[in-house]
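Let me begin by presenting the structure, written as structure tokens, before commenting on it.
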Amino acid sequence: MGDVEKGKKIFVQKCAQCHTVEKGGKHKTGPNLHGLFGRKTGQAPGFSYTDANKNKGITWKEETLMEYLENPKKYIPGTKMIFAGIKKKTEREDLIAYLKKATNE
């Protein structure tokens, strides 16, 4: 899969403005991502999601994140995530490797 250290840099540059990853981390514009893998869309406790996110009904794992992070608004039309996506597959792989580690510590 990807490189965790490179993924951490991508997270800091592109995601940390709106998301936290640590256990007990607060929600920002986007939800805290701790425990992301294996959780269904729209399920972080205490975060106000759009119906689109709540109703998508998929479980977050490597494959679903690869598709979502490429083009979030295409994958979940109606999401309030205003991020355009990451077109480079290797960057998505690195970010997912980092998320897999950081959201499970």
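Just so it is clear, glycine is given a Cβ too, placed from its N, Cα and C backbone atoms.
Values in this document were obtained by computation on a predicted structure and should not be read as measured data.
Per Swiss-Prot, N-acetylglycine is recorded for Gly2. Around the Cβ of Gly2 (N-acetylglycine), the number of neighbouring Cβ atoms within 10 Å comes to 20.
Around Cys18 (heme c binding site), the same-chain residues at least 6 positions away in sequence with a Cβ under 8 Å from its Cβ are Lys28, Thr29, Gly30, Met81, Phe83. If you look up Swiss-Prot, you'll see Cys15, Cys18, His19, Met81 marked as heme c binding site.
Look at Swiss-Prot and you will find Tyr49 (among others) tagged as phosphotyrosine. When Cβ atoms from all protein chains are considered, those within 10 Å of Tyr49 (phosphotyrosine) total 16, not counting its own. DSSP classifies Tyr49 (phosphotyrosine) as coil under the three-state reduction.
Annotated N6-succinyllysine per Swiss-Prot: Lys56 (among others), in sequence order, evidence recorded as similarity to another entry. According to its DSSP assignment, Lys56 (N6-succinyllysine) is helical. Every protein chain considered, the tally of other Cβ atoms within 10 Å of the Cβ of Lys56 (N6-succinyllysine) stands at 20.
DSSP assigns Lys73 (N6-acetyllysine) to a helix in the three-state reduction. Sequence-distant neighbours of Lys73 (N6-acetyllysine) (same chain, 6+ residues apart, CB-CB distance under 8 A): Thr79, Met81, Gly85. For Lys73 (among others), the entry in Swiss-Prot reads N6-acetyllysine.
If you look up Swiss-Prot, you'll see Lys73 (among others) marked as N6-succinyllysine.
Annotated phosphotyrosine per Swiss-Prot: Tyr98 (among others), in sequence order. Cβ contacts within 10 Å of Tyr98 (phosphotyrosine), excluding its own Cβ and spanning all protein chains shown: 23.
Sequence-distant contacts of Lys100 (N6-acetyllysine), defined as residues of its own chain at least six apart whose C-beta falls under 8 angstroms from its C-beta, comprise Met1, Phe37, Glu62. Here Swiss-Prot flags Lys100 (among others) as N6-acetyllysine, drawing on similarity to another entry.
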What is the biggest Cα to Cα gap, in Å, among Cys15, Cys18, His19, Met81, the residues listed as binding heme c?
11
What is the interatomic distance between the Cα atoms of Gly2 (N-acetylglycine) and Tyr98 (phosphotyrosine), given in whole Å?
8
Among Tyr49, Lys56, Tyr98, which are recorded as modified residues, the nearest neighbour of Cys15 (heme c binding site) by Cα
Tyr98
